[in-house]
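Annotated active site, proton donor per TrEMBL: Tyr52, in sequence order. The substrate binding site feature in TrEMBL is assigned to His110. The domain 'NADP-dependent oxidoreductase' feature in TrEMBL is assigned to 37-267. Taken from TrEMBL, the feature site 'Lowers pKa of active site Tyr' applies to Lys77.
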Amino acid sequence: MASLDNFVRLPNGVRMPIFGLGTSHGGGYDQESVIFALRECNYRLIDTARRYGCEHLIGKAIKESGVSRESVFIATKMWPTDYGTESAIRAAKSSLTRLDTDYLDLYMMHWPLCPSSVDNVRSTLDNAWRGMERLLDEGTCRSIGVSNFSIQDLIDLMESCSVVPHVNQCEFHPYQNPKELRAFCRENNIEFQGYCPLANGMILKEPPVEKVAQSAGRSPAQVLIRWSIQNGVVTIPKSIKKERIKENSQVFDFELSPEEMAELDTIPMSLRAVDPAELQGKIDDNKPDGYKLPAHLQYVPV
Ligand SMILES: NC(=O)c1ccc[n+]([C@@H]2O[C@H](COP(=O)([O-])OP(=O)(O)OC[C@H]3O[C@@H](n4cnc5c(N)ncnc54)[C@H](OP(=O)(O)O)[C@@H]3O)[C@@H](O)[C@H]2O)c1
């Protein structure tokens, strides 16, 4: 499914860039950097989410960059407090308003979890997916997917869905390589997409990463991004620093050898950048979207 050129083709034929920019609210947000990524570094996939609280800024950044809407692949995500058929549709329309666009390239359910007040989690997830299928049918979304879904979560959803998720976005780096889940996705024609390719910066100093960076004559971050790409996995590193945004994009003019890939695979799978155990609390905590952003960047509904 995934190939080593700059795009992967989703099961419904939609092309998604294999490389893009992450925009989660941890670590801050910088508007100029997003514009720089689009205008100067040829980023053509932006990954965001209602929860990150920056959809309104992404919409403005795309306009200010001068890059046409059609050439940017916008992926965003619904937060579990919006799960349910009609509420999923309303949530997508709110994301469209904030992003100032009339369609999404990819819309995902952010977690296979619901607020604690929900009695029947499984039927609530199924109902939200029904809303996603309607958004696909009416053309609001070009593709629909899920995020952080395990094999069992996918099996449960697939029992009742009409459209199998096009994408499952999950954590992916040498510390966290869920091979069984990736194989399941491959067998069921679901594109496995990776997040946190740099394990949030925690993996950059691992000895095998430094060793391969030295042999390849590239930075640790470039080596890790290349590792994702050569595994055929769409990757979305985040930085708010222009020089790193540029560095992270310069990964299409070299290739890691099989020995270098094997060296990176020796890193023990020992760490997750995102702890799923903390998520239920984050869903129930009622904090506003983008609560980690400074006040002047937060969204004010008009
Ligand atoms: N679906 C989900 O549940 C989910 C969960 C987590 C993340 N995501 C998505 O995946 C994206 C990426 O994940 P992430 O932001 O958590 O982690 P990441 O991309 O693995 O790492 C980002 C961290 O690495 C630093 N960094 C970036 N480029 C660097 C470089 N060249 N050299 C050294 N340090 C560098 C950044 O700092 P500076 O900004 O200071 O450069 C930042 O602290 C997110 O932004 C989000 O869009 C999705």
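Using the three backbone atoms N, Cα and C, a Cβ is placed for every residue, glycine included.
Nobody curates TrEMBL annotations by hand; they come from automatic prediction.
Here the features listed in TrEMBL are placed on the structure.
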{"residue": "Tyr52", "record": "active site, proton donor", "Cβ neighbours (10 Å)": "24"}
{"residue": "Lys77", "record": "site 'Lowers pKa of active site Tyr'", "Cβ neighbours (10 Å)": "26"}
{"residue": "His110", "record": "substrate binding site", "Cβ neighbours (10 Å)": "22"}
Rounded Cα-Cα span from Lys77 (site 'Lowers pKa of active site Tyr') to Tyr52 (active site, proton donor), Å:
9
Restricting attention to the domain 'NADP-dependent oxidoreductase' (37-267), give the mean pLDDT.
98
For Lys77 (site 'Lowers pKa of active site Tyr'), what is the secondary structure state per DSSP, taken as helix, strand or coil?
strand
Report, in whole Å, the straight Cα-to-Cα distance of the residue listed as 'substrate binding site' from Lys77 (site 'Lowers pKa of active site Tyr').
5
According to DSSP, does the residue listed as 'active site, proton donor' fall in a helix, a strand, or coil?
helix
